[in-house]
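Asks: Starting off with a structure, shown below.
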Amino acid sequence: MASNKHFSKIPSNLSNNSDANEPARPYVPNTVTFARRTNSGRYVNYSRDDLDSEIGSVDFTNYTVHMPPTPDNQTTDPSISQKVEEQYVSNSMFTGGFNSTTKAHLMDKVIEREANHPQMAGAKGSSCAIPGCDAKVMTDGRGQDLLPCECDFKICRDCFMDAVKTGGGICPGCKLPYKNTDLTDQADQQGTDRGGGGSKMERRLSLMKSNNKSAMVRSQTGDFEQNQWLYETTGTYGYGNAFWTKDGNFGSGKDGDGEGMETQDLMSRPWRPLTRKLSIPAAVLSPYRLLILIRVVVLALFLSWRIKHQNQDAVWLWGMSVVCELWFAFSWLLDQLPKLCPVNRSTDLQVLKEKFEMPTPSNPTGKSDLPGLDVFVSTADPEKEPPLVTCNTILSILAAEYPCEKLACYVSDDGGALLTFEAMAEAASFANIWVPFCRKHAIEPRNPDSYFSLKRDPYKNKVKSDFVKDRRMVKREYDEFKVRINSLPDSIRRRSDAYHAREEIKAMKMQRQNRDDELLEPVKIKKATWMADGTHWPGTWLTSSSDHAKGDHAGIIQVMLKPPSDEPLHGDSESFIDFADVDIRLPLLVYVSREKRPGYDHNKKAGAMNALVRASAVMSNGAFILNLDCDHYIYNSEAMREGMCFMLDRGGERLCYVQFPQRFEGIDPSDRYANHNTVFFDVNMRALDGLMGPVYVGTGCLFRRVALYGFDPPKSRERSSGCFGCCFPRGKKKKNHISEENRALRMGEYDDEEMSLSIVPKKFGNSTFLLDSIPVAEFQGRPLADHPSVKNGRPPGALTIPRELLDATTVAEAIAVISCWYEDKTEWGSRIGWIYGSVTEDVVTGYRMHNRGWRSVYCVTKRDAFRGTAPINLTDRLHQVLRWATGSVEIFFSRNNAFLASPKMMILQRIAYLNVGIYPFTSIFLIVYCFLPALSLFSGQFIVQTLNVTFLVYLLIISITLCLLALLEIKWSGISLEEWWRNEQFWLIGGTSAHIAAVLQGLLKVMAGVEISFTLTTKSGGDDVDDEFADLYMVKWTSLMIPPITIMMVNLIAIAVGFSRTIYAVVPQWSKLLGGVFFSFWVLAHLYPFAKGLMGRRGRTPTIVYVWAGLIAITISLLWVAINPPAGNTEIGGSFTFP
């Protein structure tokens, strides 16, 4: 595996050589080659003994790295050498994977235009003035040249070290000695100060834990503070001390962990919560629960009455109706019981700011003490997911209100397309203007396309005099940016054709030189896709080829925006927009395309997400992860902070994720197909929030990284020790000494020591970089230890230390962990990360976390946190519902069925997950029930013998309780009655089309092993550019439409037949007719949006559709009358005659 000898010599507690018995994996030769591509296209090799001050004299064992030049046999100031290497790393594209070397290709440019931000890949700097050298001068965070001599002679780092080493320290420009050339002693001294042992992650964890110890006993001026020392330490003067505990120790527990504080002690230490739980008013909730109970009783009485009173005239009709009604009652109960405890929540962002970003004794400078946050954006096909949509999402992330140095954005391109790569580079370039503009003028939303499309007044509440000028200039830049994105496909194609023609000409010249007068054969060269710097694109080519096709390409990592400096960097007023008082830094932005090879199951989106989890752990290791679909952007710039309020509040250590509701744009005003899905997001999810938490819905979710790693929540093992732990508790084991970080990292079936020493590497793979990052992520994600109830908190100020600089070894390891073979013989996808085996991997992943005892929270913000797009076309909507329902069927037939849930899951939460797996099967009974009215009208019978008073009273009570429950749900959830009705309509539309197909597909997969494949939902608009809702009127045929069309036609024909029979009958049965017609209208009313969708735009429906419908209706009517003529008449048409 791709690990380094240095890291195996001094492993952390979580990484030991546990794979000794595993079969050896293939790996590349243990050499390291550094190279830089010159202007002529050649690679110039360099030798180097020290990569950086941290891993000097290291023997690289598992990959070959081609990277930019560094000086020979020289040790410089680590802060300088590492910053320069980080600059080189950010300008290099790393590629590699299975059975291939890992290479770093220095990128002269990533887009056709010149990069205009110092953090951006391919940023141009001044050239070295030494003749024959084409290297760039070192730069600072602003992109300004770093020149070691007062004469401002431009010299690169390599030539400067040569001048110091062999030139006597003389400046080549002014011929005077450099004032400071003694960098070696500085390096030795600083290297000693940094501490030697352990890996990078171990040292970082040690720094975080020790960071605030000195600050705790010093004032903001740096002087020793006696009162603070008494307050924060075990020092005591007796009863006059700030904290006096019974045993004389601060924290008062036997281990000094703060468990012995008394309640009155809190009076001397102010503490405010970050979140509040807002209960639903009892005036609404109590009647709601009472109505549920009444309806359950009434349903039980009604069903028992139905079973006892058969319809002897039509037993078959009675039997089918009773079976369907029993299932409907069971299904309603599964859906209703989890709604007994709905809650609302609120956050306090001001308290978050005071706790984590204001000067305190432990954080005198007021630097942000918030944990790191990695944002994942996933895309797979630039044709169905337009790059402009993805770019707008990225820009909204980069401009979010979260500490710039703590934020990182990773974009997963599962298609490996150059179009996505260059579009992302263009977005990084435009962010240089867009992000400071948003910060300067507090822009909302921070998606430029949405902002400039707002129909409200953009100047409302804007007070700065230059806002109008700035907005006009940024709008023009954005329009040009959109044009560049739209022209990228043609630009890439033209560029590739030009380079291909050049290569063919070169090959023909070489052929003529080698063969002289021989007959020349046509030259055949693979048509490659070329990048802007004139090199082959390592991903998918426009013309597929071996190693360059979808499902067959190397892993790619490109740092588009290198990590920002630790201190704010303000712009200047000389540019065309005044950013003098604005922080112009940009968050880390990384392009990732995991390796794909034939013969490997890449597990679609879940596999891509797991690759991002591993790559981000190696590169930035944020304690929390926010995942977004490429079409879901940040609508509320403070949404991340609101999610952090829950994670960092008291008890937040037991939260696995914070789920935000999905809100959509571009939906037709009537919401014909219930695309907003408000009943689910505002009713069901709020209700689940009162239990163990909402389900994970695939996007807009803030995860705790260690929860994704499959660890148990803190204290969960004390609460439950097995299926029968309450009756047969396990014997107490001898308590072993376990490190603090490993005490919080536990997996249910393993002891802490056993897990940390041998199990974890086999679960995660033996990348020591990844293993060493786990305790760091766990420590960073802890709440502040500022309250006695926080048992496993971290000290204030622990996360104010600067981040580690990126180096080539780190990025090369990231390439290794996204390779196609890394997950072999590990638990990725089975217990760790996103779970494989279902098209709805999101629900399964959330279920596994809840099953381990974790809780989740539903965060509904005043301003929508995220917004996205949804398919408004009927066919696309049905296919979307089909995918969800198929995933639910897969869950039901898997070990993720809620019947098999652990005792850690609450009973009502288990019922909610059971309903997730069962609801598609309701379609079987729903389709039968939709045909019952027609069968009743055709046969002249009804589901009951007669419409007596008892039946009508039961029906009335059931209907009234249903309406009252709906009204109360509307009251406590805030949805509208129209939204509730649209949801009811689409429940029947989806149940009679997509859900029944999902059941059939699920059964085929379980019984016959037929795999299910789905295509991405197209996110582009319709052909009618003048109509925002053109997709709504497009009629695209799909077989899913057959059942609801059949139901509509049969019911319409049945109504006509029923009326005809009753009118011309000798003894009309009006009661049976009314019963059948009533239920037929109930079915047709629910299917009305479906019928409207089939008609398309008014005036565009082909006439032949109506002709066919009429002919089929007449044929079926005549056929039924011929098969079952009226009583006493055997002729077709019965006794009916025209007047």
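Cβ coordinates come from backbone N, Cα and C, glycine included.
Keep in mind that TrEMBL annotations are predicted by a computer and have not been checked by a curator.
Marked as active site by TrEMBL: ASP414, ASP842. Residues annotated as UDP-alpha-D-glucose binding site in TrEMBL: SER378, LYS384, GLU385, ASP414, LYS604. The Mn(2+) binding site feature in TrEMBL is assigned to LYS605, ASP629. Taken from TrEMBL, the feature compositional bias 'Polar residues' covers 1-20, 182-192. The region 'Disordered' annotation in TrEMBL covers 1-27, 182-201. The transmembrane segment annotation in TrEMBL covers 278-303, 315-334, 912-935, 947-968, 1045-1067, 1073-1091, 1103-1123.
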Asks: Which stretch, 278-303, 315-334, 1045-1067, 1073-1091, tops the Cβ pairs under 8 Å count with the transmembrane segment (947-968)?
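Replies: Most contacts with the transmembrane segment (947-968): 278-303.
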Asks: Test of understanding: give the count of other CB atoms lying within 10 angstroms of the CB of ASP414 (active site).
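Replies: Step by step: centre on the Cβ of ASP414 (active site), count other Cβ atoms within 10 Å, giving 23.
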Asks: List, by number or range, the same-chain residues at least 6 past the transmembrane segment (278-303) whose CB is under 8 A from its CB atoms?
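Replies: Residues 322, 325-326, 329, 332-333, 336, 339-340, 342-346, 954, 957-958, 961-962, 964-965, 968-969, 971-972.
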Asks: When you scan the chain for residues with a C-beta under 8 Å from the transmembrane segment (1073-1091), skipping those not six or more beyond its ends, what do you find?
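Replies: Sequence-distant neighbours of the transmembrane segment (1073-1091): 672-673, 874, 930, 932-934, 936-937, 942-944, 947, 982, 984-989, 992, 1041, 1044, 1047-1048, 1051-1052, 1054-1055, 1058-1059, 1062.
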Asks: Can you check which residues sit near LYS605 (Mn(2+) binding site), meaning Cβ under 8 Å from its Cβ, same chain, 6 or more apart in sequence, and list them in order?
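Replies: In sequence order, SER378, ALA380, ASP414, TRP834, GLU841 meet the Cβ cut-off.
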Asks: Validating a neighbour-count step here. Other CB atoms within 10 A of the CB of LYS604 (UDP-alpha-D-glucose binding site): how many?
Replies: 16
Asks: Quick one: of the recorded positions LYS384, GLU385, LYS604, ASP842, which has its CA closest to the CA of ASP629 (Mn(2+) binding site)?
Replies: GLU385
Asks: Looking only at C-alpha atoms, tell me how far GLU385 (UDP-alpha-D-glucose binding site) is from ASP842 (active site), rounded to the nearest Å.
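Replies: Approximately 20 Å lies between the Cα of GLU385 (UDP-alpha-D-glucose binding site) and that of ASP842 (active site).
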Asks: Give me the Cα-Cα distance between LYS384 (UDP-alpha-D-glucose binding site) and ASP842 (active site), rounded to a whole Å.
Replies: 21
Asks: For ASP842 (active site) and LYS604 (UDP-alpha-D-glucose binding site), what Cα-Cα distance in Å is obtained after rounding to a whole number?
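Replies: LYS604 (UDP-alpha-D-glucose binding site) has its Cα 12 Å from the Cα of ASP842 (active site).
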